[in-house]
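Below is one structure; the comments refer to it alone.
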Amino acid sequence: SKSKGTGYRITRKREEKKKPGKKGRETHLSANACLMPICQLHGAAVTTVEGIGNTKTRLHPVQERIAKAHGSQCGFCTPGMVMSMYTLLRNKPKPSMEDITEALGGNMLTHTHSVIHTCKTHTIYIYVCGKVELFRKEDLLPLDPTQDLIFPPELIRMAESPEQTTQKFHGERMTWISPITLDELVQLKTQYPQAPVVMGNTNVGLDIKFKGVLHPIIISPTRVRELFGVEQRPEGVCIGAGCSLSTVQSVLERCVCSLPAEHTQTYAALLGQLRHVGGQQIRNVATLGGNVASAYPNSDLNPILAAGRCSLLLQTKGDGKRRVPLDKDFFVGFRKTTLRPDELVLSVFIPISRKGEVVRAFRHAPRKTNALPTVTTGMRVWFHDGSDVVREMSVYYGGVGACTFCAERTSQQVTGRPWNEATLNEAYRVLVDEVTLGVSAPGGQVVFRRSLTLSLFFRFYLHVLQYLKDMPLPCVIGPGYQEFQDAVEVRSAQDPVGQPVPHSSALTHATGEAVYCDDIPHMNREVFLSLVTSTKAHAKIIHIDVSRALDMPGVVDVITAKDIPGQKFQSFTGINEEVLVEEEVTCVGQIICAVVADTKQHGKLAAAALKVTYEDLPDRIFTTEEAVEQCSFYAPQRTLQRGDIHMAFQEAEHIYEGEIRVGGQEHFYMETQSMLVIPAREQKEVKVYLSTQHPTCAQMSVAETLGIPANRVSCHVKRVGGAFGGKITKASILACITAVAAWKTERPVRCVLERGEDMLITGGRHPVLGKYKVGFMNDGKIIAADVHYFVNAGNTPDESVLVVEKMLVQLDNAYNIPNLRGQSVACKTNLPSSTAFRGFGVPQSMVVIENMIHDVAMTLGRPIKEMNLYKGLSRTHYKMEFDPENLHCCWVECKKRSELGRRRPAVAEFNRRNRWKKRGIAMVPIKYGVGFGHSFLQQAAALVHIYKDGSVLVSHGGIEMGQGLHTKVQQVVSRELNIPLSLIHISETCTSAVPNTNPTAASFGTDANGMAVWDACQTLYKRLEPVRKKDPSGTWKSWIATAFQERISLSATGFYRGHELSMDWQKQEGRPYTYFTYAVCCSEVELDCLTGEYRTVRADIVVDIGKSINPAIDIGQIKGAFMQGLGLYTMEELKFSPSGSLHTRGPGQYKIPAVCDVPLQFNVYLLPGSQNPFAIYSSKGIGEPIVFLGSSVFFAMKEAITAARTDVGLSGPFPLRTPATPEHACLACNTHFNQMVRHKFVLLYQDVKCVLVKD
């Protein structure tokens, strides 16, 4: 596919003949486009998403189904999903759900559940959703393999030709050599011993791309047949080092099926690990030999290969071949083995297991699939015949040292002893001493990792004893259920409002034809912008040396603050923020200058060569505690209060104080920050094409930075590949820098951030420390609460002051607390500035309150939520009147739909019967105010043209970023003009067509822009009324033709003024919203107490969104928001170094939810009968509210942890931060293994202290 986000391409290879007269066969592989070297594709047929179908000729069934079955949102990741499914169907036309889940495992997206159900149309499942079907399977194109592309005959002839020659590809700094014989490969490795051998490029490619590693020579032996042989012998199987992990998986599966079970222990253990190594796209190219030779300390495979008595066949030019065991002596240090520089791995021999031998592998990772493990292990025990006495044992760990670690002393302790609990206890004492991770060990998580070594050893013990009667969760995601009401008012047969109309761009998403910013063709004389960012958290800039950068090939110029012709700062909330830093940097990642070069690669190399000299400044601040201690805040600090909390605390029968830390979150939009600025040749005009939620903000910022009027700057946005709030202020700053480069060079300038740059520079959701004091009665009624929010705003104010205000306004959530005070402050720190994120502070604010409610319930030992909900006509803590009737309806309906009354006792019974696995169930409500809270931000405008042929062109101020705004606007136009959707088109959002737009955010895009378009359509429809009356039997086209002849204007503007909103912080009252969106979610999880891993068993969501304009799009938004919230509260952890540098700069370190994290049963219900007079067609905003409902999984986890803590004699509230990663969940369970490791650390600290005192 195009190189979009998680784009993939199909590689189809024709394998060489194995025997005379026997034809080769085709293999179909999906692969990561960003990792597949073009040099390696010689002889392969590459099929991109554009190649399997398009809207101009014909669609492939995969493309059609993912579009019509609502599997596409922003569309940036859709081509990758299409190609993953296409490959699967080429290999297996009738896949199972396990096959589909595995095929999609390497794709990153938030609306995973919708995509899964789309792909289920290729199986026996039928997707029916309540009273109305979201789509009809019968209307979809059938899969016809005879219509698929054939393998090119010329490539067949090439593969079968005996004349194969060595290939060499020469670049500016690198030479790629592809030999064809083993002798030639050995000769090359002797000649270039330091040259890496590249097969799948999953290791070297990442080093080159992200670490800037340079290899002058690369050897790629993908055509050396000896590296791909597979030989099955009586004593085991020999697999060529060049075989991909997918091939290894297939070979082992055949072995397991054909051999007796007692001989397949090692094979089965390897298969269990292989299913979790990367995604399918990675396993298709990564090789067995590469995995062994790279010797990563946390390798999935090396521990089990070593424990399983495997060996390697090696070859050099001088010494010939030799076989070495893959054991403790093979791994000698970090990514170091006993392999000599000129030595090659030819094959790996994996022996069969022997009678009485048990082999098992375990792993723990931040995410179940497609994630590098935290700790991995391979264990083997061999018993004497007919005995439980251990004859031989082997235990290897990954992730607990610089290399694969052999627990030799532990194995010796067990050998010769019976396999029982006494032996196990002795082994624990040895193992806890043998694994010596220091306090400052690389990778952190020391207590957790050491606990895992014990937990996984115990799990192996149970496996061998077969004591663990495990009832595993099904790995197949259930069909789920969605229910919504029919449209109440249907004006005509073609009226689309209330119908599940597919996303207007879904087909072009699925075919790769959808144009994103970086898809705009390169222009004449275009150059690329690369940013230079600070490496210090707080320092004075002494000197910027640009000489080396300017001397490098392809460099055009270096842009600094001195080049800015206009305003050198931007202000988003009244406090200035530098566009380019001149004197003092205040965080790692702050933009200092930029390099302009002819290519992205040249710009990147020059930016790395540019030298900035710093002088460190004191008093770096990274945490909220440090900010509070040094009074480092942004003004103003806010307080919101009702009632008398001091008197209420005196009357309360119980008082409890607690706190919770809420971690930040990366936006991880699929399309990174992208822009193209084109200077005009006259009148100082500038065209800006960019990926932003707020084109007017970018327009004004660019104009101010260049010192020109705003009418000279036009901003254009076709669509955005995901944003979530992260493309407002940051996109504007980057557009300013790019515009300065275009202004100075007088050339078009393109800037597209790489993922690591984007994560470093742009910031994310605000981390929050929430502290609370709560007063309550014996019956559970809360009468007082005092809540403090300390928000880590980062090094610039951005929109943080507005965030802390909204946190206080939404403080109460759905709970009526008569005496309530909230205080919030934005802390100024030396981390990259936090910015807007879906929910705008509300997910952090509400989880603090929900945690407070949970603590009260735990203190009293009974549920208290329902009694504290708003009931009857109510007032918020800022004196806004509202009716919570629909909140109550959602609560009752969710209890009914989720079968809470039946399932809660079932969870308790499960926990009583299981020691090491626990379940928890929790129900969470939300009352979410929709809109911006300021009247001027509520307005919107639109422009509607009707052309003489009857077609309609619509322009409005909203941005399409996957939420279906354009689709809903088209539905509005269709209804109001009474014309089919096929006549309506929305080209782009442009400041030249619709000026003074507001950001598309706050779940208000359809409310505002829909009403503006409605207003324009009303004007046009009234203008056409005389024409319709004259010719009532005419057609739309005839009416338009007549109107043109009669000189009736067929163009109209529309405007929506919005409601009067305000918030008076002095009077502590206001009306910041016109209405609330209500929802309730019930989630159940199953937690592994030994590792902290969990799985969401079921989630039921009931949402009041009024009358849905498009239920298919709204349900997709609900599911996507829930999954993003699940990531916020349980998975996505940002990690910084002690010097303030962000460690988690890409998908390798930062994990968002994937297919494996979707609830096994996921049900969504739209509350019927709801009315909302404040929004178009009685609909409600839905983009943001459901994010918070992901916390239901967090609180279900707390319930499961509570059950685990009860088993060790602990009770009452306990701290658990978000995200509740497996590390935090495992340590919170406080198992015996956690206690052993903690005790060991206490002794270690005491020893260190004694030494220090003695010295």
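Heads up, residue numbers simply count up from 1 along the chain you see.
Glycine is treated like the rest: Cβ placed from N, Cα and C.
Residues annotated as [2Fe-2S] cluster 2 binding site in TrEMBL: CYS74, CYS77. The feature FAD binding site is assigned by TrEMBL to VAL197, VAL198, MET199, GLY200, ASN201, THR202, ASN203, VAL204, ASP300, ARG363. Taken from TrEMBL, the feature Mo-molybdopterin binding site applies to GLN693, PHE724, ARG838, ALA1002. Here TrEMBL flags 169-355 as domain 'FAD-binding PCMH-type'.
Annotated features taken from TrEMBL, shown on the structure.
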residue	record	contacts (Cβ under 8 Å, 6+ apart)
CYS74	[2Fe-2S] cluster 2 binding site	TYR669, MET670, GLU671, ARG719, VAL720, GLY721, GLY722, MET961, GLY962
VAL197	FAD binding site	LYS189, ILE219, SER220, PRO221, GLY290, ALA293, LEU344
MET199	FAD binding site	SER220, PRO221, THR222, LEU227, GLY242, VAL285, ALA286, THR287, GLY289, GLY290
ASN201	FAD binding site	LEU35, MET36, PRO37, GLN40, VAL285
ASN203	FAD binding site	GLY290, SER294
ASP300	FAD binding site	GLN273, LEU274, HIS276, VAL277, ASN291, ALA361, ARG363, PRO373, THR376, GLY398
GLN693	Mo-molybdopterin binding site	VAL720, ALA723, GLY725, LYS727, ILE728, ALA731, ILE959, MET961, PRO999, THR1000, ALA1001
ARG838	Mo-molybdopterin binding site	PHE724, GLY725, ALA1121, GLN1124, GLY1183, GLU1184, VAL1187
ALA1002	Mo-molybdopterin binding site	PHE840, VAL930, GLY931, PHE932, LEU937, GLY1181, GLU1184
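Of all the Cβ atoms in the protein chains shown, 28 others lie within 10 Å of the Cβ of CYS77 ([2Fe-2S] cluster 2 binding site). Note on the domain 'FAD-binding PCMH-type' (169-355): mean pLDDT across this stretch is 93. Here FAD is bound by VAL197, VAL198, MET199, GLY200, ASN201, THR202, ASN203, VAL204, ASP300, ARG363 per the record. The longest Cα to Cα distance in that group is 28 Å. Summarising the Mo-molybdopterin site geometry, the residues cited as binding it (GLN693, PHE724, ARG838, ALA1002) extend over a maximum Cα to Cα distance of 12 Å.
Cβ neighbour count for PHE724 (Mo-molybdopterin binding site): 28 (other Cβ atoms within 10 Å of its Cβ, all protein chains included). Listed in sequence order, the residues ALA723, GLY725, GLY726, ILE728, ALA836, PHE837, PHE840, PRO999, THR1000, ALA1001, GLY1183, GLU1184 complete the 8 Å Cβ shell around the Mo-molybdopterin site centroid, once GLN693, PHE724, ARG838, ALA1002 themselves are left out.
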